[in-house]
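Chemist: Input: one structure, supplied below.
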Amino acid sequence: MSKLLIVEDSDLTRNEIKIIALSSGLFNETVTASTGEEGIKQVVKHKPDACVLDLEMPRMGGFTFLKWLMKNHPIPVLIFSSLNTNENIIKALELGAIDFLGKEKSYITSNFKEKFIEKLKILKNSKPRLLEINHKNLESYKIIPEKEKKYKFKLIVIGASTGGPTAIQRILKDIDGKISIPIIICQHMPKNFTPLFANRLNNLVQHYQVSEARHYDKIQENNIYICPGESHLLVSGKKIELMPSKSSDLYTPSIDITIQTAATYYRESLLGIILTGMGKDGLEGAKKLKSERGTLIIESPETCVVYGMPKEIASNNLHNYQLPIDKIGEKIVEISIEKD
């Protein structure tokens, strides 16, 4: 039995979600609530397996409910809210939600139903990730003076999908102030969200400058470049080139394209990281990286929200290390700094 909790203040929307969820065959039962307070009661009574949550509700809002849920009954949460609340959705992902879908004017079109069912599939096959992003005092870190460091890698590429934002935050927190190698991040995310994601990461770290990548950006140390949504990022020597995505593209931005183009130039000086996510994006990039004698770290299943992309790579034995998310940052630092 799979039970879905729907927390949404609109009667019409709740009913439409219920119909789609049950007709999809992914969930056997639904329970509903119109406020956060009702949602808590339903969680205590029914112990649901997953949740669809609106952020904008009267009285107890979606954020307060989400914080309570992650603390008391952590389950996969899909944010279903208006797309004019992009920053709030990024915040919800940081609090533990695993995915999001923007509301549309009509919930009865076949196109919308298909998109919603795809999100429900992700929800059904996910597990919650609870990561506390601590802004530690970086003075406590044992930091090697920059002039004393010699790096094995000249570029790091991180690829992630479902569950990626909190995983990426954890890694950046763990490496900030310890290395200065330039980093490119390919997170599957719409174009409206990537600038906000870059801004939030920039506020998280102190020793890196984080920005959404621009066409012909020069790849430089102490910089992190976020692939823009609805674009693919190509590494052309020490510069970034952006290519518009097509509606037929399965993954946007494409992790494969970024790693393949980066591996062509950087070869053994490239470190790839593949984190949580559904699908196969990153697999072709991993093949190219291995052929160029680069290094690849993948996230292990115990901490993946969705063990999909790393699993494909592990099944093909293309990785050098497989680690839980709380160990990846440490490993990056360890293998990046060359010992005398």
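Any Cβ shown, glycine's included, is placed from N, Cα and C.
Predicted, not measured: the structure shown is a model, and the values here were computed from it.
For reference, TrEMBL lists these features for the protein:
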- SER161: active site (ACT_SITE)
- HIS188: active site (ACT_SITE)
- ASP281: active site (ACT_SITE)
- 3-118: domain 'Response regulatory' (DOMAIN)
- 154-334: domain 'CheB-type methylesterase' (DOMAIN)
- ASP54: 4-aspartylphosphate (MOD_RES)
Chemist: Determine how many residues of the domain 'Response regulatory' (3-118) DSSP places in helix, in strand and in coil.
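Modeler: Computed counts for the domain 'Response regulatory' (3-118) are 58 helix, 23 strand, 35 coil.
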Chemist: Per DSSP, HIS188 (active site) is which: helix, strand or coil?
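Modeler: The residue in question, HIS188 (active site), is coil (DSSP, three-state).
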Chemist: For ASP54 (4-aspartylphosphate), which residues in the same chain are close in space, meaning a Cβ under 8 Å from its Cβ, but six or more apart along the sequence?
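Modeler: The answer is VAL7, GLU8, ASP9, SER10, THR13, GLY62, ILE79, PHE80, SER81.
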Chemist: Restricting to the same chain and to sequence separations of six or more, state which residues have a Cβ under 8 Å from that of SER161 (active site).
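Modeler: Listed in sequence order: GLN187, HIS188, TYR251, LEU275, THR276, GLY277, MET278, GLY279, ASP281, VAL306, GLY308, MET309.
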Chemist: Looking only at Cβ atoms, how many others are within 10 Å of the one on ASP281 (active site)?
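Modeler: A count of 27.
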